[in-house]
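What follows is a set of notes on a single structure, which appears directly below.
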């Protein structure tokens with residue numbers, strides 16, 4: 001019963017709102033093609049919610065215990081990928097396990113989040129040694145993933161790690177140094193980028209330079225968003241989507257369908273839902289009973305933040321085309337399940353923290 | 001230790017504030033960018049979305065039909081159907097094609113070819129399987145369309161010429177637009193008039209394009225038609241031509257080559273304009289094979305040539321009408337007197353022969369015209385000189401384009417066209433060639449350098465019949481007559497010539513008596529037999545067969561005349577290439593034509 005009392009109903013409400021909006025938008029995107037995808041997505045919601053519920057019952061302490069083994073296994077799998085991995089769409093990202101294709105980089109996102117949370121649970125990154133060790137934990141898998149190549153996941157990894165570093169108390173001057181180093185390394189990164197990645201960046205700078213090639217996606221999605229106007233063309237009335245001018249309209253570019261048919265009103269509604277969701281996660285974080293739990297929530301929030309910003313920025317033409325889905329709206333099973341599982345973690349934090357005093361709050365009896 | 005930990009919590013709380021603030025700030029910036037797209041740039045992007053999906057597609061107009069004066073279709077539009085297939089929408093390609101093959105009776109070759117084409121084509125684009133089908137052929141498919149997804153039957157119209165060979169030169173033909181046409185604004189899938197009326201009246205027949213706005217998807221497939229501005233059908237043209245009369249002329253000519261022109265003497269309406277042989281203009285619509293085109297081009301009978309307007313021939317004795325008028329006009333004393341024809345005329349060391357070796361004896365102008373005495377006209381021409389003859393020829397509309405709405409048109413040759421000849425006659429300069437008296441004499445009987453087109457001949461005859469009005473030949477029925485110029489002629493002079501022309505038919509010794517004395521109308525006319533001088537060596541070089549060479553050396557036969565004599569209605573010119581004699585070979589064609597015209601008039605009178 002303590003379990004039920006600790007449930008964050010607002011968080012649950014937000015998930016349900018996103019589920020409804022996501023399913024409606026997905027219907028608009030697929031209603032002329034494969035409606036079967038819509039039913040599949042409904043199944044994914046079911047599986048994801050089951051994962052969410054299961055995680056709600058897993059004690060955080062247990063997660064702290066398995067964080068090291070989990071991280072090591074994920075790292076080993078990542079090392080295996082370039083040796084025995086499957087190549088799909090020009091990148092070696094998958095391990096064929098016989099019954100399904102595992103993407104170790106996906107595991108690593110969560111493994112890194114757990115390991116950093118447990119690493120910083122007892123210490124703050126204030127000395128070179130502590131920072132260096134934690135940095136190594138993040139940079140090694142990031143280097144392996146960027147080499148696959150998988151720029152999107154690398155970005156997620158680095159962004160989540162940076163957020164957790166900041167939350168854990170990284171001195172601002174170190175942060176400033178890191179930013180300068182990152183900007184300085186851009187030319188080096190450019191040198192190591194694959195041609196298609198370079199093309200995406202160039203396309204972002206001038207989409208019209210290649211209107212039927214790499215620029216096509218961005219031009220068409222920008223047209224879809226802009227033509228939707230303030231109030232939209234109406235449900236199922238978007239011409240860009242209905243007439244198939246929009247590429248990938250049920251996966252990475254689904255935001256354009258929403259913006260075209262629902263207009264700025266729908267866009268604002270979605271953005272407010274996202275802001276509420278992230279703010280809610282941050283609130284759970286600040287009420288959490290342990291530093292480990294707080295940091296987990298920060299990791300989850302930052303991952304969501306990055307997905308949302310990069311996806312919408314990409315679809316509306318201000319970021320390069322990086323294949324990140326729009327949380328809870330884009331079609332896709334594994335993203336749906338992992339994201340709901342992540343929210344399960346947040347819910348678990350909320351449940352465990354119920355009726356307990358946040359960690360090291362001044363005046364708390366434990367401190 | 002305690003203090004340090006408290007610092008940790010405080011620091012964490014401060015950093016949480018940073019996160020709390022960063023979320024709405026980041027997403028707010030994103031929202032501002034989206035607001036810019038959806039509000040400030042909305043109009044521009046909405047326009048781009050419409051440009052994406054809306055295609056403006058021209059709707060071809062239906063071409064105006066061409067009918068003859070009785071309303072019979074000469075160039076008509078037929079509905080035809082075509083069968084298309086969109087591969088990606090077909091469930092079972094083999095079964096569907098087998099079914100279609102059975103209904104449309106495709107040959108195994110054709111079926112194999114279609115299979116090949118489908119394999120090569122994009123699966124989302126329609127492929128034309130068969131076209132120019134009649135409703136009876138496609139109706140079994142149309143009835144089963146819902147059982148055959150991906151199959152489409154579309155209706156369209158195509159041009160048909162019911163009298164293709166009979167009217168090929170006059171009506172002309174169409175063919176698909178070429179590069180030069182599209183530069184002038186035609187669409188690539190339009191048919192454009194190439195010859196004849198189809199070419200001359202292209203603007204009237206064409207009609208105006210319509211447009212429709214279609215919504216297309218990213219693959220260019222038509223989803224819906226939004227707006228439609230219908231095309232305007234081209235105007236129907238009613239020609240002055242009478243297919244029945246033209247048919248009579250063609251039947252009378254039989255398989256001989258030649259031309260027949262019949263013209264209304266008052267309005268200039270062209271009732272018949274026949275050139276034989278014709279060619280099947282329908283072949284151009286169905287897609288002419290290049291072998292057929294080459295065959296027409298190289299055929300020694302020159303079927304593509306419009307002999308009525310594009311070819312000029314020596315007018316021979318028919319020209320004596322002009323020589324007579326010139327003589328009367330010039331006041332040559334022979335025009336009022338007589339001479340004796342011994343069968344030849346001696347000029348220096350040469351002998352100019354009359355066609356009748358035994359001679360005509362004592363001849364006046366009347367006799368000379370009726371019996372077509374050459375010697376009389378040698379002398380008459382010699383008396384007045386070439387200038388008078390040329391002047392008269394030009395006055396009566398020879399040597400100039402008739403301005404009929406058919407191009408190209410030959411103007412023929414009247415020696416006066418050539419300034420150097422005139423100069424030679426006046427002995428001012430003899431750089432090129434001296435004009436001999438003998439040449440004037442030869443020209444007087446319509447031989448030598450003189451040539452005229454059958455259309456010019458008909459128009460000249462009409463002018464003789466209507467008092468000297470040289471008319472513009474009118475292809476369309478019921479248009480205002482247009483007198484291009486008036487020949488200066490005294491009525492009594494004209495009467496003299498007309499009487500003589502009547503004599504040609506009426507008098508038992510007239511050259512056209514046998515052919516036309518019993519015609520349904522009283523006819524006045526003149527025969528002509530043009531000598532043909534061909535080089536035998538050239539014939540052999542060009543590879544003609546002996547029979548062809550024999551034929552090519554036969555004379556051309558002419559007849560020109562008008563009827564009815566007292567109240568002229570029509571003028572006719574008959575030209576039979578290598579046809580033999582005017583009286584025996586050309587005049588009977590005129591008789592056949594005039595009988596049909598007379599019968600038509602009687603019918604009309606009876607109807608009233």
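Using N, Cα and C of the backbone, Cβ positions are placed for all residues, glycine too.
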Quick test of your reading of TrEMBL: among A:134-160, A:215-241, where does it put transmembrane segment?
A:134-160
In TrEMBL, which of the ranges A:91-106, A:107-122 has the transmembrane segment annotation?
A:107-122
Restricting to CB pairs under 8 Å, which listed stretch, A:107-122, A:134-160, A:328-351, is in contact most with the transmembrane segment (A:6-30)?
A:328-351
Restricting to the same chain and to residues at least six past its boundaries, which positions have a Cβ under 8 Å from a Cβ of the transmembrane segment (A:42-62)?
3, 19, 23, 290, 292-293, 296, 332-333, 336-337, 339-341, 343-345, 347-349, 351-352
Could you check whether the transmembrane segment (A:295-322) and the transmembrane segment (A:68-87) come into contact, where contact means at least 3 Cβ pairs under 8 Å with the two residues of each pair 6 or more apart in sequence?
no
